[in-house]
Amino acid sequence: MARRRRGLPVDGVLLFDKPAGVSSNHALQRVRRLFRAQKAGHTGTLDPMATGLLPICFGEATKFSSFLLEADKVYLARVRLGEVTTTGDAEGDIVERHEVPELSTERLRGALAAFQGDIEQVPPMHSALKQGGRPLYELAREGKTVEREVRSVTVYDMRLVSYGAGVLEFEVSCSKGTYVRTLAEDLGRSLGCGAHLTALRRLKSGPFDGADMQSLSALEALHDQSSLEATLLPVDSLVAHLPSLVIDEVPASRLLHGQYGHVDTRGLAQETLARLYHDDAFLGLGMVKGAGAVAPRRLKNTTAELGGV
């Protein structure tokens with residue numbers, strides 16, 4: 001007999017405002033316990049020092065979390081010019097100090113624009129990237145350095161937000177896996193004075209921005225389960241960018257049993273991934289396999305809510 005999963009069958013997406021000083025996994029576990037949820041996972045690690053948007057998927061939403069893992073991100077970064085640290089951020093020891101030259105707005109904007117496009121980065125040792133099941137920052141704290149593979153990332157935009165007294169703020173829109181700490185260090189080198197990251201906040205992940213983020217203190221102030229679950233976005237919000245198909249009971253039943261369904265697919269090309277709905281209920285995702293044919297790809301456990309379809 002399978003072991004019964006502890007907790008409540010909570011489904012949905014929480015836009016969590018991660019505080020500084022905690023790992024993404026620690027934040028996830030605190031939130032999961034608060035919701036008393038059976039199953040939860042986050043969709044893209046933030047370093048402990050970073051704050052901001054950490055989408056957390058509960059229950060059936062975890063089946064679709066990969067769409068956010070692959071999504072583009074937007075960050076607000078604060079950088080101290082003239083100081084280089086062992087970690088590339090304010091948590092490390094200062095190992096170099098340099099005079100900061102006079103920097104015009106035009107020069108700063110030009111320096112930021114130089115990083116736009118496809119670039120290569122080596123993940124820093126003080127990052128949440130895992131190797132051998134352990135975050136690199138844990139190995140770094142033990143004085144260990146390991147080889148890291150170069151990765152290709154894309155910087156879509158780097159915009160100057162403010163500058164004064166040697167402190168620069170910029171907003172960066174980038175592909176997944178971009179290390180803003182490395183961008184900050186490279187920016188300092190390009191300006192001839194060195195730099196390190198002093199603050200980092202994620203503003204956007206895929207389709208989600210910070211407008212509906214929930215802080216830990218706000219969640220802890222909600223004293224009943226229904227109020228907590230009212231903060232969640234629906235499961236299909238993770239795939240809202242995909243086209244949708246409304247299907248009848250018979251093809252819904254076939255798809256839920258792993259078979260092709262005959263659906264009106266006019267307007268959708270072959271191999272198009274689409275959201276599937278029956279009686280306003282989100283079933284999951286299907287792949288268009290030809291005119292009128294859809295194959296199941298990733299489906300919710302919807303039998304109960306569809307009345308046995």
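Just so it is clear, glycine is given a Cβ too, placed from its N, Cα and C backbone atoms.
Unlike curated records, TrEMBL annotations are generated automatically.
Feature annotation from TrEMBL assigns active site, nucleophile to ASP47. Sequence annotations record features per position, and here TrEMBL assigns domain 'Pseudouridine synthase II N-terminal' to 32-180. As annotated by TrEMBL, domain 'tRNA pseudouridylate synthase B C-terminal' applies to 181-239. Annotation source TrEMBL lists domain 'tRNA pseudouridine synthase II TruB subfamily 1 C-terminal' at 243-299.
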Secondary structure tally of the domain 'tRNA pseudouridylate synthase B C-terminal' (181-239) (DSSP, helix then strand then coil):
28 helix, 15 strand, 16 coil
Under DSSP, the domain 'Pseudouridine synthase II N-terminal' (32-180) has how many residues in helix, strand and coil?
30 helix, 60 strand, 59 coil
